[in-house]
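Noted in TrEMBL for the protein shown:
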type	residues	note
BINDING	Arg124, 147-150, 213-215, Gln219, 266-269, Arg449, 460-461	substrate binding site
BINDING	Glu143, Lys304, 363-372, Tyr374, 397-400, Glu424, Lys451, Asp457	ATP binding site
BINDING	Glu143, Asn145, Glu367	Mg(2+) binding site
DOMAIN	203-301	domain 'Glutathione synthase substrate-binding'
Amino acid sequence: VPAGAASCRMRSSSKRLAKQAIDRALAEGVLLRSAQHPSSSDVVTYAPFTLFPSPVPSALLEQAYAVQMDFNILVDAVSQNPAFLEQTLSSTIKKDDYTARLFDIYKQVLKEGIAQTVFLGLNRSDYMFQCGADGSKALKQIEINTISASFGGLASRTPAVHRHVLNVLNKTKEASKILSNNPSKGLALGIAKAWELYGSANAVVLLIAQEKERNIFDQRAVENELLDRKIHVIRGRFEDVSERGSLDQNRRLFMDDQEVAVVYFRDGYMPSQYNSQNWEARLMLERSRAAKCPDIAIQLAGTKKVQQELSRVGLLEALLPGQPEAVARLRATFAGLYSLDMGEEGDQAIAEALAAPSHFVLKPQREGGGNNLYGEEMVQALEQLKDSEERASYILMEKIEPEPFRNCLLRPGSPAQVVQCISELGIFGVYVRQGTTLVMNKHVGHLLRTKAVEHADGGVAAGVAVLDNPYPV
């Protein structure tokens, strides 16, 4: 890490540097709406970020990029395998109402016949760097996000901020090591390909958004890339789909009188985002011919239960026949994952977690950060759950132990702090399939998020992590 990061005491020179960094972040568009006015862009603030880039082992960054296309293929394979999804989620849907509702829509669409012929995945696979007893580092997957994978837009704007900080310190050689990164362009490329394959020049992209959306500038980055390609994006809530959406006899989707080629979900990944009207809207969207990002099968492929099941011996080989190299690359990133289904296997996992709680994390089937349970909270939950079938709605995961480092966290309204930190690396992946033909499969950039070590769970949107850039070491 550049000299200066480790010794970032907030002396007057450091405070001046922090102010310059914040001004550059605002100038670059590293922006959020304010917490007080999440529906309005009249008042904006900078998205929280680190003063300095954080160290990431070059070899692990390369490994994460190298395996992303394998993860894209794996998600696609799972989404096309109804028997695997049904078997894997059978215990979960009995006790997790949200996953059950998604699965009901999935079954209904399958029974009716899938109308869409173009399938689009915009995924983000997240990792931490496990630190071994000998100090060696290993890349271990935390999760894969298959719906509303965010911060591709803002991650495209943060490299310039850290280059600026290092240039101010006359560290031009170090500044040149900060990687260029433009996930928003790559995500838009996937949406544009799906739009093109849909085959209607006047059709639009419908972005399903929340009304109170602080992270709108992240979304606008993708919208603007699409507009540069002469592809128009309209924003709508689930409620707007209910009130103004319709399907014609060929199940083409219309909003008012505009045909929709692609539906891009930036909402709908948490139970609190649905009421009965929203579930009806989601069903209408799923029944339509429009390419959904994700469709309900791809969303189910991203559940924690599927992640846990994929770690079983022989399963990757069954889903990806004849691809031993891909299987090896994927398996190398898996942490320990354990089923909590009723029975001997689940009982043993619970006993091990209760005996050594600091080595495990309890995860429900949720996205959006801030849902996982650690330590004493996990122990209490497991004690309550252990004799109940409800435990099947969770999985248990080995806790990753990264090596902490020091950095300075900049947050609106908070004094700049030098703290012990850990990072999480995300790699964005894009794939497009038409019928049975994979027409696009690529990695399109990265996201580094850093947080103080005392915060076990939660991302940037949850108010815990801050945006960062990898400094390859």
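In case you wondered, yes, glycine gets a Cβ from its N, Cα and C as well.
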Residue, out of the binding-site residues Ser148, Ser150, whose Cβ gathers the largest set of other Cβ atoms within 10 Å: Ser148
Cβ neighbours of Tyr374 (ATP binding site) where a neighbour is any other Cβ within 10 Å: 15
Asp267 (substrate binding site) and Lys399 (ATP binding site), distance between Cα atoms, whole Å: 28
Whole-number mean of pLDDT values that fall within the domain 'Glutathione synthase substrate-binding' (203-301): 97
Chain-internal residues, separated by at least six, CB under 8 A from Asp267 (substrate binding site): Ser148, Ile208, Ala209, Gln210, Arg237, Phe238, Gln273
Summary of DSSP states over the domain 'Glutathione synthase substrate-binding' (203-301), given as helix, strand and coil counts: 41 helix, 26 strand, 32 coil
Rounded to the nearest Å - Cα separation of Pro364 (ATP binding site) and Gln219 (substrate binding site): 27
